[in-house]
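This is the feature table in TrEMBL:
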BINDING   Cys94, His136, His140  Fe cation binding site
ACT_SITE  Glu137  active site
Amino acid sequence: MAVLPLTKIPDPFLREVSLPVETIDGDIRGFAQDMLDTMYNSGGVGVAAVQVGKLLRITAIDVNYRDGERKPLIAINPEIVASSDEQSSYDEGCLSVGPYRGSVSRPARITVSYTDLEGEKHQIEADGILAICFQHEIDHMDGVLFFDHLTKEQRQEILDQVAAEQTSVA
């Protein structure tokens, strides 16, 4: 299909709240495939629609493809319906933030409900990288970026690095 351009910080579009998908049709299916193509091409394990220019509650995830086998998951209108009290920290990055990373603490296990491209509803329990990825992508749909979970100083350091990089490119 197509590799879409990624929206990058500090673009305010990334802070917008995404809208639920009302109808799953050929346009949505094609867009979901474009999201997967973009994610694979960019080396990510997940991407939200807002990162490629659409305010829709859709995410493409594949946390295992780097091991050689692609197992893509398209989640439409995903929602976390339960989460563990136990926390897990992971060094997160983001296709919209560039090479900058930060250690984010999130619930270690979650239960997510979502609709697939055929309109079927699913509920899965996720832990490890899949739980982190779902939480990260759902945050995107709510206008939240991973570095919002960091300290003010850590967040500012990332923003300063991005600004310096953009100044040197200009």
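From the backbone N, Cα and C atoms, a Cβ is placed for every residue, glycine too.
Where the annotation comes from TrEMBL, it is an automatic prediction and has not been curated.
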Excluding Cys94, His136, His140 themselves, which residues in that chain have a Cβ inside 8 Å of the centre of the Cβ atoms defining the Fe cation site?
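Along the chain, the qualifying residues are Gly46, Ala48, Gln51, Glu92, Leu95, Ser96, Glu137, Asp139, Leu145, Phe146.
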To the nearest whole angstrom, what is the C-alpha distance linking the residue listed as 'active site' and Cys94 (Fe cation binding site)?
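Cα to Cα, the residue listed as 'active site' and Cys94 (Fe cation binding site) are separated by 10 Å.
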Counting every protein chain present, what is the number of Cβ atoms, excluding its own, within 10 Å of the Cβ of Glu137 (active site)?
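Within a 10 Å radius of the Cβ of Glu137 (active site) lie 24 other Cβ atoms.
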Would you count the other C-beta atoms found within 10 angstroms of the C-beta of His140 (Fe cation binding site) for me?
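I get 24 for this one.
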